[in-house]
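Structure first, commentary second.
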Amino acid sequence: MNSLLMITACLALVGTVWAKEGYLVNSYTGCKFECFKLGDNDYCLRECRQQYGKGSGGYCYAFGCWCTHLYEQAVVWPLPNKTCNGK
């Protein structure tokens, strides 16, 4: 019974730690990474994993790379005090 409670608690903790999602952002310009092939996209998957680690995923959503399974402190679009090339 104690083992079952520990397993349940661990699964709940993992779900909260890896819950963040968001657009991949260029930290210098404040712009989202653009993509044109909507849905599963090798470019977005590769860029998300490069920036956030192997555990993350990525696909093209609304012409921007959307990253999934991020850690809570991951930086995603929009950046505070930074607009995309003044737009």
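Placed from the backbone N, Cα and C atoms, the Cβ positions cover glycine too.
If you check Swiss-Prot, you get these features:
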- Cys31-Cys84: disulfide bond (DISULFID)
- Cys35-Cys60: disulfide bond (DISULFID)
- Cys44-Cys65: disulfide bond (DISULFID)
- Cys48-Cys67: disulfide bond (DISULFID)
- 20-85: domain 'LCN-type CS-alpha/beta' (DOMAIN)
- Asn85: asparagine amide (MOD_RES)
- 1-19: signal peptide (SIGNAL)
- Tyr43: site 'May interact with the receptor site' (SITE)
- Arg46: site 'May interact with the receptor site' (SITE)
- Glu47: site 'May interact with the receptor site' (SITE)
- Gln51: site 'May interact with the receptor site' (SITE)
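Distance between Cα atoms for Cys65 (disulfide bond) and Cys35 (disulfide bond): 6 Å, as a whole number.
In space, Arg46 is the closest of the recorded positions Cys31, Arg46, Cys84, Asn85 to Cys67 (disulfide bond), judged by Cα positions.
A simple Cβ count within 10 Å picks out one of the disulfide-bonded residues Cys60, Cys65 as the most packed, and that one is Cys65. Ranking the disulfide-bonded residues Cys31, Cys44 by C-beta neighbours within 10 Å puts Cys44 at the top. When the alpha carbons of Cys31 (disulfide bond) and Cys60 (disulfide bond) are compared, the span between them is 15 angstrom. Ranking the disulfide-bonded residues Cys35, Cys48, Cys67, Cys84 by other CB atoms within 10 A of the CB puts Cys84 at the bottom.
In the three-state DSSP assignment, the secondary structure recorded for Cys35 (disulfide bond) is coil. Counting Cβ atoms from all protein chains shown, Arg46 (site 'May interact with the receptor site') has 12 others lying within 10 Å of its own Cβ. Scoring each of the recorded positions (Glu47, Asn85) by how many neighbouring Cβ atoms lie within 10 Å, the top position goes to Glu47. Looking at Cys84 (disulfide bond) and Gln51 (site 'May interact with the receptor site'), their Cα atoms lie 19 Å from each other.
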